[in-house]
Amino acid sequence: MSTAGKVIKCRAAVLWEKNKPFSIEEVEVAPPKAYEVRIKIVATGICRSDDHVVNGSIITPLPAILGHEAGGIVESIGEGVTTVKPGDKVIPLFVPQCGKCRACKHPESNLCTHGDLGRAQGTLMDGTSRFTCKGKPIHHFLGVTTFSEYTVVSEISVTKIDAASPLEKVCLIGCGFSTGYGSAVKVGKVARGSICACVWSGRVGLSAIIGCKAAGAARIIAVDINKDKFAKAKELGATECVNPQDYDKPIYEVLQEMTDGGVDFSFEVIGRLDTKVSALMCCQESHGVSVIVGVPPNAQSLTIDPKVLLSGRSWKGAVFGGYKGKDDVPKLVADFMAKKFPLEPLITNVFPLAKINEGFDLLRAGKSIRTVLTF
């Protein structure tokens with residue numbers, strides 16, 4: 001029996017308060033309004049940005065259903081939707097693409113002015129929620145909200161992908177993989193034969209390593225305090241691995257000595273302020289490019305000597321690897337299907353939604369690269 005136009009009751013992981021576990025609840029998901037799409041989520045990844053909300057370092061209205069990296073199937077569409085139809089495989093886009101605003105029209109920008117990123121309203125574009133639980137409205141997250149069996153998104157926040165693609169794998173393209181891979185090939189524009197350093201070797205850092213390798217870097221140095229990650233980093237393309245705890249000097253000095261003055265490209269992936277400065281300092285002073293990838297804590301600022309940049313270093317940043325969601329995500333899925341890069345090595349656990357708290361525990365303990373939740 002068709003569910004189009006009807007309220008759907010389903011399971012979702014609700015975060016009622018910060019620093020509390022997720023609670024599996026029955027929620028009601030309203031049908032999509034005009035220019036909205038209701039999606040049955042098949043698989044969703046647990047991202048460190050979700051945990052930043054749990055611990056309060058990223059602020060968004062609560063209670064909320066988090067999750068922003070997923071793959072699913074369109075269940076129904078609202079009036080006026082033309083880019084997807086029921087039955088399509090899709091990836092929700094936490095960085096939307098309306099195609100009409102100034103940012104969308106600029107070839108080097110991917111931050112649509114209609115996105116919830118940075119505003120954290122916790123609603124869809126009309127200022128309301130499609131979720132209720134126990135009679136209370138539940139907030140959305142980044143306009144996508146994927147820790148739920150069903151979700152509703154704006155049409156500008158979803159893109160159709162290859163019908164043959166495995167959603168439990170390509171869901172990673174919805175955030176972490178694209179963020180790391182794009183930071184190397186699209187934002188940093190790693191040059192063939194160059195020397196690169198990836199500061200931190202979690203899932204996004206490993207994706208940056210994959211990107212550096214794809215771009216033809218001659219040396220790729222993985223930096224992490226967890227030596228257990230080094231084997232995977234080398235499997236995916238790192239030529240050397242460095243643990244800062246093995247040295248009695250700043251890690252940027254170690255990297256400068258290893259590379260005759262500094263790397264050509266560096267990628268800071270963890271989001272710590274001190275590692276952002278180290279990643280910049282380890283670059284070659286006349287031409288090195290450092291890309292900020294990791295999400296920094298709220299309400300904190302960096303202090304650096306301007307002469308560090310005056311000599312010729314460049315400091316760049318981008319969200320979602322600089323990719324325009326509707327334009328680029330289907331291409332990335334096609335590239336995965338053509339075996340141009342792997343996703344399987346990044347997935348360490350596949351859990352049902354009921355084990356979401358176990359997945360977050362593994363993330364916090366540094367014992368997983370990516371945990372995928374299935375419904």
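From the backbone N, Cα and C atoms, a Cβ is placed for every residue, glycine too.
Listed in Swiss-Prot:
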BINDING   Cys47, His68, Cys175  Zn(2+) 1 binding site
BINDING   Cys98, Cys101, Cys104, Cys112  Zn(2+) 2 binding site
BINDING   Trp200, Ser201, Gly202, Arg203, Val204, Gly205, Asp224, Lys229, Val293, Gly294, Val295, Arg370  NAD(+) binding site
MOD_RES   Ser2  N-acetylserine
MOD_RES   Lys234  N6-succinyllysine
MOD_RES   Lys340  N6-succinyllysine
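Recorded features from Swiss-Prot, shown on the structure.
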| residue | record | Cβ within 10 Å |
| --- | --- | --- |
| Cys47 | Zn(2+) 1 binding site | 25 |
| His68 | Zn(2+) 1 binding site | 25 |
| Cys98 | Zn(2+) 2 binding site | 18 |
| Cys101 | Zn(2+) 2 binding site | 17 |
| Cys112 | Zn(2+) 2 binding site | 24 |
| Cys175 | Zn(2+) 1 binding site | 33 |
| Trp200 | NAD(+) binding site | 24 |
| Gly202 | NAD(+) binding site | 24 |
| Val204 | NAD(+) binding site | 32 |
| Lys234 | N6-succinyllysine | 16 |
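Within 10 Å of Cys175 (Zn(2+) 1 binding site), judged by CA to CA distance, lie the following recorded positions from the set Ser2, Cys112, Val204, Asp224, Lys234, Val295: Val204. With a cut-off of 8 Å between CB atoms and residues at least 6 apart in sequence, the same chain places Gln97, Cys98, Cys112, Thr113, Lys324 near Cys104 (Zn(2+) 2 binding site), listed in sequence order.
For Val295 (NAD(+) binding site), the nearest of the recorded positions by C-alpha distance turns out to be Cys47; the candidates were Ser2, Cys47, His68, Lys340. For the Zn(2+) 1 site, the Cβ centre of Cys47, His68, Cys175 serves as reference, and the other residues of the chain with Cβ at most 8 Å from it are Gly45, Ser49, Asp50, Gly67, Glu69, Phe94, Leu142, Gly174, Gly176. The number of other CB atoms found within 10 A of the CB of Asp224 (NAD(+) binding site), across every protein chain shown, is 24. Of Cys47, His68, Cys101, Lys234, all annotated as recorded positions, the residue with the shortest Cα distance to Asp224 (NAD(+) binding site) is Lys234. The Cα of Val204 (NAD(+) binding site) lies closest to that of His68, out of the recorded positions His68, Cys101, Lys340.
Looking only at Cα atoms, His68 (Zn(2+) 1 binding site) sits nearest to Val293 among the recorded positions Cys101, Trp200, Val293, Lys340.
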